[in-house]
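Annotation source Swiss-Prot lists active site, proton donor at 203, citing sequence analysis. Summarising the annotation, Swiss-Prot assigns Zn(2+) binding site to 16, 18, 200, 281 and lists similarity to another entry as the type of evidence. Swiss-Prot lists 18, 282 with the feature substrate binding site, giving similarity to another entry as the kind of evidence. Taken from Swiss-Prot, the feature site 'Important for catalytic activity' applies to 224.
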């Protein structure tokens, strides 16, 4: 029987982590106390809230909890603390590269405007990277619940700061709302500015939303993408083009996309040759971080250490990390497997 190696020592890249959702529960409680914010009971119970976002009511509840947590981030020091702690958690889980996703419009009103908010976030990322040794970059994400013109503004802003650590442009929130093609111009602006396109798709809706991300937004990565498993032709397309899917198993179960961890189609994607980068999504709400996603692959899908190492390689290759960083992480993965 193969020896089960420590998954926290497996070098990996983390490509799907939302900004507010990365917060430690203890930090949320401290910030809520600092600002006198009364949090919903679901955020103070000491265990992950029970969520099911497969209908609009469930998604509204999820969003309400997220907004409550975000309301506790009010000052630059709060931003710096969140980013530093996210980096510390990732390092603890074996990550050597983190691309954290943020919609700065959510923080701009309290941080002096959009540009100050972006600069505070980027400065926090630089500081956290220096302090922890973790390679870190930022994806700016538009909100599909807002007007496409807002997304274009964000895309231009993201391109403006591409030399300061912004590497990609995303599209998040309830994929059942709006059409991907409404945001095609924003993604064109981002791509023309050298940013990778990483919209959400194939989570709450089926394979069609993944196709829309490919056809309308020319995605180079897909946030989630698991529902592509329902369409063999789409799987082949993803595999042929080596489009990385940022798969978040614990999140998929918590939000009701799948009933059990073993129902998440990790094997289907893996055996079809679709690259995956396992991600934690929103640890604050789902109760698990990066290494736990690899543990799900091991425990519920019988991934061997050789296969887990390949998953880690796929996460690195799908990242925006520079070549030298990728080479170092890939060598570390080989050492984890053979050492």
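Heads up, the Cβ atoms here are built off N, Cα and C, so glycines get one too.
Shown on the structure are the features that Swiss-Prot records.
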| residue | record | Cβ contacts under 8 Å, 6 or more apart |
| --- | --- | --- |
| 16 | Zn(2+) binding site | 101, 223, 224, 246, 247, 248, 277, 279, 280, 281 |
| 18 | Zn(2+) binding site | 100, 101, 102, 172, 281, 282 |
| 200 | Zn(2+) binding site | 144, 170, 171, 172, 173, 175, 213, 222, 223, 224 |
| 203 | active site, proton donor | 175, 209, 223, 224, 225, 226, 227, 252, 255, 257 |
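The Cβ neighbour count for residue 224 (site 'Important for catalytic activity'), using a 10 Å radius and every protein chain shown, is 25.
Cβ neighbours within 10 Å of residue 282 (substrate binding site), excluding its own Cβ and spanning all shown chains: 27.
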